[in-house]
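Per TrEMBL, the features are:
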DOMAIN    24-68  domain 'DUF6533'
TRANSMEM  24-41  transmembrane segment
TRANSMEM  53-77  transmembrane segment
TRANSMEM  113-133  transmembrane segment
TRANSMEM  145-169  transmembrane segment
TRANSMEM  189-210  transmembrane segment
TRANSMEM  238-256  transmembrane segment
TRANSMEM  268-289  transmembrane segment
Amino acid sequence: MPEWSPAEQAWIIDSYAHLMTTRYITVAALTWYFLDCIATLREEIQLVWTSRWTPVTVLYIVNRYTVFPTVMFIFYFNVVEVHPTTFTYVHALFHDCITVVLTQSSDVRNLKGILGVAFGTFTVLTVITILQLRLHAIYGRGPRIMIVLTTLSVMTAITMITLSVMELVRDSVTVVAGTPFCMVSIPQYSYAFWIPPMILDSIFLLLVCLKSYEHYRSLPQHTWRGTRLMNVLVRDSVFYFLTEFSIFLFNVLIWSSTLVWHSAGADLLQLGSVWATIFPPAVAARLVLNIRREFARSTSEGTSDTWGESGEIVFELAVRSEKSSTVGPSSEGSTAVDPMSWREHYRVPSTDRAIVIEAGSHGGRNPNILL
């Protein structure tokens with residue numbers, strides 16, 4: 001057993017404490033994720049599995065259940081692997097890849113990195129696609145907004161993948177002699193990995209807030225079902241983007257403190273990364289379930305007058321214009337709108353916009369909303 005200086009002993013104690021903290025945080029995050037899956041399972045069966053399948057249904061299933069390999073990946077490398085005894089036992093099945101406890105060959109470390117990048121990228125792209133569809137619907141399903149959203153999302157994904165690969169190529173691990181610990185060297189710029197999704201979330205949030213402001217200024221009253229659906233869309237979107245921004249900001253602070261200012265150990269990098277991995281898919285599933293629940297509740301109340309002839313829900317945005325700013329019957333001077341019959345009398349000015357959300361058949365029990 002080598003002799004360690006007091007500074008080395010203090011470093012080892014701190015590293016072990018950070019290691020255990022990471023394990024606790026990981027277990028807490030994964031427990032929250034599985035409890036959320038169990039809590040929403042009943043609604044998922046009612047609102048997703050028994051509904052007519054649409055592209056969003058497929059996205060929901062992919063987002064919901066392809067996360068489990070990622071969760072197992074996180075659990076194994078953050079909880080199981082970091083315990084020396086368990087680590088040695090589990091890896092006995094792959095003894096040709098193991099040399100020293102908590103020390104892997106470069107091939108094994110590269111495999112871990114590749115799997116992490118692959119699972120993480122797939123999860124991010126699935127969640128981003130769901131968010132794009134929400135914004136696309138809020139903005140009237142116009143082609144221009146979809147081009148803008150797709151371009152931003154692709155740029156974000158490419159930037160994150162590039163930074164991940166650069167980090168994977170340049171990081172290194174040095175074993176501390178006589179201990180089950182290792183010193184990790186990661187490029188300083190790695191903290192920038194979290195900045196692109198922060199920027200994307202900020203842009204998405206700004207777009208949602210702008211459309212929400214336009215919506216509330218334009219509608220003559222706020223009791224229509226379309227407005228309630230819009231409220232759910234905006235409420236969930238704002239909550240999601242603000243929470244995601246906070247998680248990414250936390251990771252930027254932790255990673256920059258570790259890599260740039262060296263005020264924290266590299267073994268703390270996983271504190272926020274775990275939540276950044278499992279939180280977006282869980283909340284994206286909630287976004288889909290919430291809008292479908294609201295639609296099902298509205299349908300059960302008998303407010304089906306807001307249906308279009310093709311079985312679509314229409315959010316009418318009576319955008320104020322110089323030509324026309326009245327909503328209601330076509331007779332002059334009339335501005336009153338009956339929320340139960342507005343669809344029959346509504347006259348859409350040429351400058352107005354409509355948000356159309358794909359739904360199931362008229363009066364059907366199983367909503368199939370695009371979101």
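Cβ coordinates come from backbone N, Cα and C, glycine included.
Computed from a predicted structure; not experimentally measured.
For the transmembrane segment (189-210), same-chain residues at least 6 beyond its ends with a Cβ under 8 Å from one of its own Cβ atoms are 124, 128, 131, 135, 138-139, 149, 152-153, 155-156, 159-160, 163-164, 166-167, 233-234, 237-238, 241-242, 244-245, 248-249, 251-252, 255-256, 258-260, 276. Tertiary neighbourhood of the transmembrane segment (238-256): same-chain residues 131, 190-191, 193-195, 197-198, 201-202, 204-205, 208-209, 264, 268-269, 271-273, 275-276, 279-280, 283-284, 287, selected by CB-CB distance under 8 Å and a gap of 6+ residues from either end. Across the domain 'DUF6533' (24-68), the prediction's mean pLDDT works out to 88.
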